[in-house]
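Listed in TrEMBL:
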- Ser198: active site, nucleophile (ACT_SITE)
- Asp268, Asp271: Ca(2+) binding site (BINDING)
Amino acid sequence: MRSLFLLTFLFSALSAKPQTFRPDEIARWQKRAKTVTIARDTWDIPHISGKTDADVVFGLLYTQCEDDFARVEENYIDAIGRMAEVNGETALYHDLRARLFMDTTQAIAIYRKSPKWLKSLLDAFADGTNYYLYSHPHIKPRLLTRFQPWMPLMFSEGSIGGNISVISTERLKAFYTNTQWTSVVNDFDKYDREPTGSNGFAIAPSKSASKNALLLINPHTSFYFRSEVHVTSEKGLNAYGAVTWGQFFVYQGFNQNCGWMHTSGNADSMDEYVETVEKRNGAYYYKHGNEWRLVKTEKVSLPYKTDKGLQRKEFTIYRTHHGPVAGQLGDQWITISMMNDPLNALAQSYLRTKAKDYESYKQVMKLNGNATNNTVYADRNGTIAYWHGNFVPKRNSKFDWSQPVDGSDPEADWKGLHAIDEIVQVKNPVNGWLQNCNSTPFTVAGSNSPAKSQYPTYMAPDEENFRGVNAVRVLGRKTDFTLDTLIAAANDPHLPGFEGLIPSLVQAYQTQAEKPEGQLKTLAEAIDTLRNWNTCYGATSVATSLAVFWGEKILRMARQRVPNGQRFDFLTFTDFMIKNTTPEEKVKLLTEVVDELTRDFGTWKTAWGEINRFQRLTGKISETFDDSKPSFAVGFMPSTWGSLAAFGARTYPGTKKRYGSVGNSFVAVVEFGERVKAKTVVNGGHSSNPASPHFNDQGALFSAGKFKDIWFYPEDIRQHVGKTYHPGE
C-alpha cells in the first residue's frame, strides 16, 4: 500500500501542471547561482566554473536547459518510463521495458543510500534544472515540471543506446498481450543499422611529431545527441567534452591529464535465458536444477495519453532469479540478465572525468559500471590503452552465449564478474597506435593485438568491419602524427567495402556486353566512371553516387537470399553479395541507378555532394528538411562501406536530396603535453535556437571535415569570451 501511495504521489508531483517552487528553495538556488560562473566563448561553448563539483553540476544543468530544455526533458521522460504519457498508447511497451528493470521507488531508495559526494551532485542536478524552470516561466514542459534528484539514477548510461534499448519492445508486447511474436532479427540486421557506433584512435609518443600522446574522439550518434561543455571546480574537476543532454558528467572527453573515448562493443554483458515454466494452483513456477522455484510477480499500472485524457493499463511483470521475463519461445519464457547497478554506473561515469593517469583511470573501472562500451585512452605521461568492455560476467564456456541458454541448468548461471585485468585489453603496444571502430579487439593494434585464443568467446564476439580495416590501414602507414594529420586520418576517404563489389560489377557488365543481344551501350560511360574510380568518396565525385546507390540495391537484394540461421559480418556478407547475385542482376541494378539519378537530378552524372547534404532548419528533436532551402554538401557517408567519418543520410517526404541525421556528431582530437591542445567540431552549432548566430555556425566546418580550436585554459578563455554571467541572469 505504501508503494502504491508513493507512486501515486510521484506521478502527481511530476505532472505537467504549473509547478510552484517554495521560497526557501528559490533562495537556496539564488545563493548557489552567485557562486557559479558561466563564460560562453565565441562559439557559444559554456565554460562553467564553481567552488565545488556540486556548484558546477548546478551550473551545467542550468546551461543545458538554456541550450535545449526539450532534449533534457525528453531524455528523462524516456529514462523514467513515461513516454506513453506524452506519445500515447504506442509507447506503453517502451515504458514497460523501463519498468522491468527499475522504477521510481527503487531509484529513491538508491538515492537515499548514495555516498555523500554523489548525493550532493544529484541534489545539484535537480536544483540546477528546477532553477532554470523557475527563472524561465515561459518554458512549458511537456510533462516534467519538477526534476527530482533520483532521476539520474535511471539515466546513468551516457551512450547512444542504453542497456535496455537492445530488448525488443515487439517481443515484449507479444508476451504481455499473449500474442505471437513474428519478427525475425538476424545478426546481419544488427550490422546493417545506420551508424550509432564510434571510432577511437590513440597515438603513442613514438608516432607523434610532438612526442606527446594524441587521442581521436569520434562518436557516431544521432545528431545533436550531446552538447559540448567545459566544467571546472576548485576541487579538481577540469573536464572538457561531450555531455548527453540531462547528464552531469563528460561522457566523451578529456581533462588536463588524460582523455577517454567510448566505442559501442559486443563484450557480452547481458544474456537471455530460456525458462521452463509450469502453472500450479494459479501461480507460475520455473525449473532450476532439481527444484521448481516460484516465479515472482509484480502488478504495475502504466498511464498513457488519449484524446479523453490519461488512461491506464495493468500489467503483471514476471521475474526469475535471472531477471524479468521479456519474451517467449514456444512454451518457454525468455528472461534477461544484465547489469542493473545504477549507483556504480553513475559513480564511475563521473569519477573517471577526474582521473589523473592510467592507474587512477583503471581504478575507477574496477566499479564495473560500464556495461555497453569499450574505452580508448591516452594521457600526458604518454600512455595509450584500450579495454574491451568493462562489466563482463563470468560464464561457463560450454554454452553458446550468443544464443539464449537453458535457464534450468544451474551451470548457466553467472559466476560473478571478471576482474579488470581479465578482460581484453592493450597498453602501450610497440606499433604506437590503437584503434577501435565497433570492431574486433583482435585488430586493435594491428599485428600487436591480443590473441583471440587467450579469451573466452563471450568476452569479445565482435567481428571485423570495414571501418576497422580502414583504420588499421590508415594508422599503420603513418608516422609523426599531429592534430591536423590525425584529423586527416579520421577523414580518410577510402571505402574498402567497394574494393570487391565494383570489380564484380565491371566484370558482370563485360560478360553481358559480349552477348549478341546485349544492348548496354547506355551504361558504358557509367561503367567507365566506376572502373576508373579510386574507391574514395568525395563531394565532387560522380562515381561515389553511382557506387552508393548501386551498393544499397545489391545489399537489399542479397539480404533477401540469406539462409535462415546463417550469420554474417559485413566482410563476409560482401562475398555473399558477389556470389549470390547474377551478372544480369548486377547490371540491371546499375541501369535502375542511372534511371533514378536521371529522373531525380536531371542527369546520372550527379556529384555525391549534390545529393548528400547537411541541413539544419528548426532545431527540433525531429528535424524537417527542404530541398529548396540552404544546405551543405557532404562527402562522407554511411559507415557500411568503411567510411571512417560517418554520415547517415536519407530522403524525407518531399525531398530528392538525402539529409544526414546520424553519424559524426561531437568530434575531437587532443594532444596531451605540458599543456593540453585540442580541436573539435559539432554538427551545426551549439545552440538549438534557429535565431541564434550559433545555431549553424559550425555547419560548414562539419560538412567539410574541418575543426575549430578550443579554449581550455583560463587565460585563453578570457581572450575568446562572448559573455559571462551567473545562472538566473
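Positions of Cβ are set from backbone N, Cα and C atoms, glycine also.
Nobody curates TrEMBL annotations by hand; they come from automatic prediction.
Annotation for Asp268 (Ca(2+) binding site): spatial neighbours Gly389, Val392, Pro393, Arg395, Trp401, Ser402, Tyr458, Met459, Pro461, criterion Cβ-Cβ under 8 Å with sequence separation of six or more. All chains included, 24 other C-beta atoms sit within 10 angstroms of the C-beta of Asp271 (Ca(2+) binding site). Asp271 (Ca(2+) binding site) sits 23 Å from the residue listed as 'active site, nucleophile', taking the C-alpha atoms as the reference points. Long-range Cβ neighbours of the residue listed as 'active site, nucleophile' (same chain, at least 6 residues apart, Cβ-Cβ under 8 Å): Asn218, Pro219, His220, Met261, His262, Thr263, Ser264, Asn436, Cys437, Asn438.
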